[in-house]
Amino acid sequence: MAPKPRAFPEIADVTETPHLTVVKHPLVQHKLTLMRERETSTAGFRRLLREISLLLAYEVTRDLPMTTRTIETPLTEMEAPALAGKKLALISILRAGNGLLDGVLELIPSARVGFVGLYRDEATLRPVQYYSKVPADLEERVVIALDPMLATGNSSVAAIDLLKEAGAGDIRFLCLLAAPEGVARMREAHPDVPIVTAALDRKLNEKGYIMPGLGDAGDRLFGTK
Ligand code: URA
């Protein structure tokens with residue numbers, strides 16, 4: 001008999017739409033639960049985010065173009081699959097994006113790295129840009145924008161706007177948690193940008209925090225308050 005599906009009412013039971021992929025891998029889900037817990041230390045949170053980012057990077061690069069090349073194994077020659085060599089750029093949306101960056105860079109060490117600094121005006125919840133330094137040739141690269149929390153979507157949309165203005169065409173968005181409001185905002189503004197996340201949570205609260213969420217990702221990552 002097939003096992004009864006488990007219900008997690010705080011987390012939407014979506015796995016994949018054309019615009020959104022929720023990585024429901026048991027390791028990802030277990031590590032995310034540890035990260036959500038209030039008592040998890042800064043060091044633990046940082047380590048878990050790095051570990052999850054490796055697993056999410058696997059998913060966000062799933063459709064990278066492939067080719068084959070002729071190699072020699074110790075036994076014979078073969079046509080072996082290999083990346084077609086499409087260049088990548090990782091864009092960390094500061095500051096919490098840096099928590100995803102290390103793990104993703106470990107898997108893709110040759111990627112170029114850019115940074116976009118946006119802070120959220122707590123009164124309006126609108127993004128204010130204070131820094132931007134991105135690779136010059138974004139139009140030639142697969143661009144992966146990194147931000148653990150897709151909340152209102154305002155800063156994500158602003159960051160993607162900036163990347164498109166800088167020439168990026170093939171952009172993906174990698175986050176740890178998404179709120180339905182942020183996903184809808186991104187879909188409206190940038191329907192061409194697929195989102196990969198570990199969970200789609202219930203909603204935003206009145207302060208723009210994801211519920212049930214994990215709190216302020218930057219504060220938990222860097223031990224600030
Ligand atoms: N940013 C965070 O760090 N946490 C949230 O819940 C929303 C935005």
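Here the Cβ of each residue, glycine as well, is placed from N, Cα and C on the backbone.
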Listed in TrEMBL for the 5-phospho-alpha-D-ribose 1-diphosphate site shared with ARG95, ASP147, PRO148, MET149, LEU150, ALA151, THR152, GLY153, ASN154, SER155, ASP216, one of ARG50, ARG62, ARG69, ARG120: ARG120
Close-lying binding-site residues around ligand 1 among ARG95, ASP147, GLY153, SER155, ASP216, ALA217, where CB distance stays under 6 Å: ASP216, ALA217
Cβ-centroid neighbours of uracil site ILE210, GLY215, ASP216, ALA217, 8 Å, sequence order: PRO148, MET149, LEU177, TYR209, GLY213, LEU214, GLY218, ASP219, ARG220
Those binding-site residues listed as GLY153, GLY215, and which of them has the most Cβ atoms within 10 Å of its own Cβ: GLY153
Spatial separation of ASP147 (5-phospho-alpha-D-ribose 1-diphosphate binding site) from GLY215 (uracil binding site) - C-alpha basis, Å: 14
Per-residue Cβ crowding (10 Å cut-off), top of binding-site residues ASP147, ASP216: ASP147
For ALA217 (uracil binding site): intrachain residues, at least 6 apart, with Cβ closer than 8 Å: LEU49, ALA96, GLY99, PRO148, MET149, LEU176, LEU177
